[in-house]
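Here is what Swiss-Prot records for this protein:
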BINDING   Cys95, Cys97, Cys106, His110  [2Fe-2S] cluster binding site
TOPO_DOM  1-35  topological domain 'Lumenal'
TOPO_DOM  59-131  topological domain 'Cytoplasmic'
TRANSMEM  36-58  transmembrane segment
Amino acid sequence: MEFLSKIVRVHIPDYLNSVPVPDSFGGFLDLTAGQWLHLFAFSGTVAAAVYMSVKPYLDKKDQKDQLVNLRIQKESSKVVNMVDIEDLGNKVCYCRCWRSKKFPLCDGSHAKHNEDTGDNVGPLVLKRKDV
């Protein structure tokens, strides 16, 4: 614990006192190359720390894109489609990407979704067994 205390009470204040921050904007012209390097390293570290701590709150759009169903029956708490097995023909394709205009049937919208997102979703294909 003494090690941590020494870092917080001695080393960090010493480092912050050594950062060459001029008193005025004109003082930046008087900095040497070594002082500029020290200032850039300090500024970069502070910028990276601020960016990493704020980044989770910046990209709300990414959180919106994580939703699977973006527009189909949003007024319902759960989307359920019942299909009578007797109504199936020889082959039917059901959408699994939630982008189909003919939902619950697939219209191939997953191809654009896969291209845009790098996903690999495809339809659920139900086919009668050949006898």
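The backbone N, Cα and C atoms fix where each Cβ goes, glycine too.
There are 20 other Cβ atoms within 10 Å of the Cβ belonging to His110 ([2Fe-2S] cluster binding site). Report note: the [2Fe-2S] cluster site is defined by Cys95, Cys97, Cys106, His110, and the residues of the same chain whose CB lies within 8 Å of the CB centroid of those residues, excluding them, are Cys93, Tyr94, Arg96, Trp98, Arg99, Ser100, Asp107, Gly108, Ser109, His113, Val121, Gly122, Pro123. Helix, strand and coil content of the topological domain 'Lumenal' (1-35), in residues and according to DSSP, is 26 helix, 0 strand, 9 coil. Only residues 6 or more beyond the boundaries of the topological domain 'Lumenal' (1-35), in the same chain, are considered here, and those with a CB under 8 A from a CB of the stretch are 42. Shown in sequence order, Lys102, Phe103, Pro104, Leu105, Cys106, Asp107, Ser109, His110, Pro123, Leu124 are the residues of the chain, 6+ apart in sequence, with a C-beta less than 8 angstroms from the C-beta of Cys95 ([2Fe-2S] cluster binding site). In this view, Cys97 ([2Fe-2S] cluster binding site) is surrounded by 21 other Cβ atoms within 10 Å of its Cβ, with every protein chain counted. Annotation note: His110 ([2Fe-2S] cluster binding site) sits in a helical segment as assigned by DSSP. Across the topological domain 'Cytoplasmic' (59-131), DSSP helix (H, G, I), strand (E, B) and coil residues number 17 helix, 9 strand, 47 coil.
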